[in-house]
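Chemist: This structure is in structure tokens; I'll ask about it shortly.
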Amino acid sequence: MTSTTLVKCACEPCLCNVDPSKAIDRNGLYYCSEACADGHTGGSKGCGHTGCNCHG
């Protein structure tokens, strides 16, 4: 059995942990969603994951 190492999403207020092999990689930082990776531009709130209401 292989274990997966999860890392915290690079969006500071985000609560999500992501698998680096499935995350969005921007400049070596791993994000759980495009909203987080884009810095919540345009006032987007939340990353779409249950229980997380990050706003960048």
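The backbone N, Cα and C atoms fix where each Cβ goes, glycine too.
Here's the feature list from Swiss-Prot:
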type    : residues                   : note
BINDING : Cys9, Cys14, Cys32, Cys36  : Zn(2+) 1 binding site
BINDING : Cys11, Cys36, His40, Cys54 : Zn(2+) 2 binding site
BINDING : Cys14, Cys47, Cys52, Cys54 : Zn(2+) 3 binding site
BINDING : Cys16, Cys32, Cys47, His49 : Zn(2+) 4 binding site
Chemist: For Cys14 (Zn(2+) 1 binding site), list the number of other Cβ atoms lying within 10 Å of its Cβ atom.
Modeler: 24
Chemist: Quick one: pull the CA-CA distance for Cys36 (Zn(2+) 1 binding site) versus Cys54 (Zn(2+) 2 binding site), whole Å only.
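Modeler: With distance taken Cα to Cα, Cys54 (Zn(2+) 2 binding site) is 8 Å from Cys36 (Zn(2+) 1 binding site).
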Chemist: Looking at the binding-site residues Cys9, Cys11, Cys36, Cys54, which one has the fewest other Cβ atoms within 10 Å of its own Cβ?
Modeler: Cys54
Chemist: Which whole-number value in Å describes the distance between the Cα atoms of His49 (Zn(2+) 4 binding site) and Cys32 (Zn(2+) 1 binding site)?
Modeler: 9
Chemist: Tally every other Cβ atom lying within 10 Å of the Cβ atom of His40 (Zn(2+) 2 binding site).
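Modeler: If we count other Cβ atoms within 10 Å of His40 (Zn(2+) 2 binding site), we arrive at 19.
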Chemist: Between the binding-site residues Cys14, Cys16, Cys32, Cys47, Cys52, which lies closest to His40 (Zn(2+) 2 binding site), Cα to Cα?
Modeler: Cys47
